[in-house]
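To keep things clear, I will list the structure first and then write my remarks on it.
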Amino acid sequence: MSEWVPNQDGLKQLVYVLNLSNSTSREVHDQIREELDKFHSVPDYNNYLTLIFKSNELQPHIRSVAGLVLKTNIKQYFEKMPREVQNYIKREILPVLSDPDASVRHTVGNIITNLIKKSCFSEWPELLPALNLALDSNSQDLIEGSLYTLSLLCEDSTKKLDSDDSGRALNQLIPKLIMFFKCNNADFRKKALVSISYFIISMPGALLINMEAFLKGIFSMSEDPSEAVRTNVCKTLVTLVETKIEFLLPYIKDVIQYMLHATKDKSEEVALEACEFWTAISQAEGCRDLLRDYLPVLVPILLNGMVYTEQDYEYLDQGDDSMTPDRPQDIKPFIASTKSHGSGSSGGGQDTGFVNPDNNNNSNNNNSSNNNSSNNNNNNNNEDDEEYNDDDDDDDDDGFEDEAWTIRKSSAFAIDVLSGIFPDAEYLSVTLPLIEQRMNEQNPWPVRESAILALGAIADGSKNGLAPHLSKVIPYLINTLNDPKPLVRSITCWTLSRYSYWIAQADGRDYLHPLVVNLLNRIVDNNKKVQEAACSAFATLEEEADLLLIPYLQMILVTFVNAFGKYQAKNLLILYDAISTLAKVVGNELNKPELINILVPPLLQKFNALDDSNKNLLPLLGCLNQVCSSIGAGLQNLISLFFNRSIKLIEGSLQAHYKYNNQDQKGSSSSSDQDFIVAALDLLQGLSEGIGTSIESLIPNSNLPHLLLQCMNLRGSDVLQSSFALLGDMSKFCLIHFKQYIPDYLNILTNNLYPEYLSVCNNASWAIGEIAIRMPDEVKPFVVAIRDRLISNINKVNLNRGVLENTAVTIGRLGIVSPADISPFVDKFIQCWCMAIRRKTDDIEKDSAFRGMWLIINNNPNGALRHLVYICDAVASWDKMQPDLYEAYFKLLHMYKTSMGGVWAQFYNQFPEQLREILNEKFKLNQDISQ
């Protein structure tokens, strides 16, 4: 192939355009973008970029932009590039690895990495030998460029490097990288270590056979003069502990001793990575035996790590700052918490018990087991500036992505995790005396503050062992709420929230009154951080104390109203959460004129002051949702005000959606539009829960049935979840007004019975069940399609408990609609159905489900026979059935007993003894009742 020759006029034109990138003008950048778009029609456009990028006689910013545009083009258009252009880039880019400009070398590394992502090593056979050879060069620039490139390849192409595609390059590469552990250049040592560390999890054979040399190399760098090297030594050891601890076990005592030393390193980055080791090893098998002897040394180190540094104090201690407006970057975006019907939330995740004490903002949490924050990120990634900004994270090799994670937080987390591993008596015998010493009033306030943080950190893991001490600890903490230092008051609020469970129990009940009084005082503190911590702590107390707070309602509401006049934007979000949590736990107790007259006016004032496009309206609507649900009819004429505003918000947001939809991507929606729709739908649901069937009078004068259908046709999981939840509630109270759209609703609901979107699936299933028992004729044509999806879901036994319960209820209700369509398949789901429904609280939903299941089983008793023990277990889960339902199942069970004749006794004796006792008592299965 003839050598490529550029057109000089075209080259000059492109250089001119790239040179404009030095401008700070947005208009100029738009012009650059337009001009570069025109170049895409030139087949060898990327050859020009490559040529400009490698030309060291050009100005650095021109070369830099050429390289970044080339990288972007490879990411987006590589497959469309002519093969000769691809080959030209590969051939010409490698020599630039020795460029004296480090930023140019790093751009080369990113280009190479993206080329391999888009193809493979076998299509560029010269690459790895060239990089390997470069490591033997006398040029420091070439070695650095090659090591940097290899670190990116090891991170992004781990599997490709350990494959035939690369010619098993790791067999040569890993030993050579280990040799760099001894070189004089600290940056080279670091890059070599980082590169190999990416293979620890996959553990290729090339690393396995060199593991002894690798470990010796790591240990040889443990006292490295470079902070960056020591940081990555600690990071590598943490990765080994987390994933391959067996390789460290022969050296584990030395490793632990080293980490004890490194956790106190003068370098904050080294100390932070070392501190992560304690959480990692705490989760390893047999960790108690490994760590037991070191607790007396480790715990003091961790406690010291929890003390605020002077820099922290200067940044955080803002004194009386309640009148200082929040900066926009201080305010987290509000995420609407959309409702998931059922007794279990959609997440079903295990709570580790540790809550970040330095981030008390729970405003995005409705603190409700029935609420699931369904954060559907409709991010419209704007890549307009990607060509001019190297925002790729390819070269982020420092390993620290979360700037907010500190030694203080890591130490507190380790203290927390350790408390759950060791027996309470053993752990507290070491920890409590140290904490008590630090609580002494003679100590500097940062030391006392760290002791209070430690008390909060161990609250859950050492719960039983701490109980005898709480009668002394809690009064101390309540008194400390009045400490002159804001950071002490703040952490005390958090720690008390960790013990609110005990205060709500009989043993701690005497402390409820002083806690409420003092915590309310802190809610209106003059320091914003204290306000935040106190408000969050009070929301936690509300959940634990529940109805015990009823005597304090007036005092609480007066404080909340005072806070409205004092809080800046960020803390208002937390205040809304505390109000909605209170409304949830005390329920209709709020429906008293004297309480309504305190709480509602400030909420109403804000409701009227905010226009429909103001995002500050979103958290307010979330708060009103629960307030309306609890107060209900007591809102009187405000009910129609809230209802009509919600309808208006939905209409406006849908119009904005359709406008956006016509202008941009079909089927997508602005996340802002969907946020308002979700908040308005949820407020309507709160109203319906509060006033019940009275909401029917509002429907005829609105177009809610059609609006709801439009919302259900949107794609966002959050808006679907809220739409389905509202439809379920409307089905309970006034379904007749929605009748004309039932077939459309059911089509959409059926198509969303997929557990990949758990809360959407959950609410769809529940809504179908609510419609089924009220309009069975309309549901009947859909039974077969719904049945198939629900049977599939009920057999996914690892699904969230609430989802399984709702699925079981809806299957049972479909049995009322059309038992003949369900009964032939009873053998496929009855066992899982029984296991799900037996855990459900006795209520009207469970009642209707059992009525439908009775019809299903009666239609096909033989199909259910081999699962009779599960049926009996489910029936026995009732405390008290309705008389007619009891009679039906009494006869059903005795029908099975009679049909089995002489084998019944042998079969029945295989039932668990406790189950037989219940069945004998309630259903007389041990007696002959034949006449």
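Glycine too: its Cβ is placed from the backbone N, Cα and C atoms.
If you check Swiss-Prot, you get these features:
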type     : residues : note
REPEAT   : 10-37    : repeat 'HEAT 1'
DOMAIN   : 32-99    : domain 'Importin N-terminal'
REPEAT   : 42-79    : repeat 'HEAT 2'
REPEAT   : 88-121   : repeat 'HEAT 3'
REPEAT   : 127-164  : repeat 'HEAT 4'
REPEAT   : 214-241  : repeat 'HEAT 6'
REPEAT   : 253-280  : repeat 'HEAT 7'
REPEAT   : 296-421  : repeat 'HEAT 8'
REGION   : 317-401  : region 'Disordered'
COMPBIAS : 358-381  : compositional bias 'Low complexity'
COMPBIAS : 382-401  : compositional bias 'Acidic residues'
REPEAT   : 430-459  : repeat 'HEAT 9'
REPEAT   : 704-735  : repeat 'HEAT 15'
REPEAT   : 743-776  : repeat 'HEAT 16'
REPEAT   : 784-819  : repeat 'HEAT 17'
REPEAT   : 869-900  : repeat 'HEAT 19'
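Tertiary proximity for the repeat 'HEAT 3' (88-121) is limited to same-chain residues at least six positions away from its ends with a CB under 8 Å from its CB atoms, namely 4, 44, 46-47, 50-51, 53-54, 56, 60, 63-64, 67-68, 70-71, 74-75, 78-79, 127-128, 130, 134, 137, 139, 141-142, 144-146, 148-149, 151-153, 156-157, 160-161, 165-167, 169, 390, 392, 394-395. Here the repeat 'HEAT 16' (743-776) has Cβ contacts under 8 Å with residues 338-342, 346-347, 372, 374, 708-709, 712-713, 717, 720-721, 724-725, 727-728, 731-732, 735, 782, 785-786, 789-790, 793, 796, 799-800, 802-803, 806-807, 809-810, 813-814, 816-818, 845, 848 of the same chain, all six or more residues outside its ends.
If one looks beyond the repeat 'HEAT 9' (430-459) by at least 6 residues along the same chain, the residues whose Cβ comes under 8 Å of a Cβ in the stretch are 295-296, 299-300, 303-304, 306-308, 313, 354, 357, 408, 412-413, 415-416, 419, 466, 469, 473, 476-477, 480, 483, 485, 487-488, 491-492, 494-495, 497-499. For the repeat 'HEAT 2' (42-79), the residues of the chain that approach it from at least six positions outside its boundaries are 4, 6, 10-11, 14-15, 18-19, 21-22, 36, 85-86, 88-89, 92-93, 95-96, 99-101, 103-104, 107-108, 110-111, 114-115, 117-119, 386-390, 392, judged by C-beta separation under 8 angstroms. In the predicted model, the repeat 'HEAT 15' (704-735) has a mean pLDDT of 96. Nonlocal intrachain contacts for the repeat 'HEAT 7' (253-280), taken as residues 6+ away from its ends with a CB within less than 8 angstroms of a stretch CB, comprise 219, 222, 227-228, 230-232, 234-235, 237-238, 241-242, 290-291, 294, 297-298, 301-302, 304-305, 399-400, 405-407, 410-411, 413-414, 417-418.
Sequence-distant contacts of the repeat 'HEAT 6' (214-241) (same chain, six or more residues past either end, CB-CB distance under 8 Å): 174, 178, 181-182, 186-187, 189-190, 193-194, 196-197, 200-201, 207, 247-248, 251, 254-255, 258-259, 262, 265, 267, 269-270, 273-274, 276-277, 280-281, 284, 398-399.
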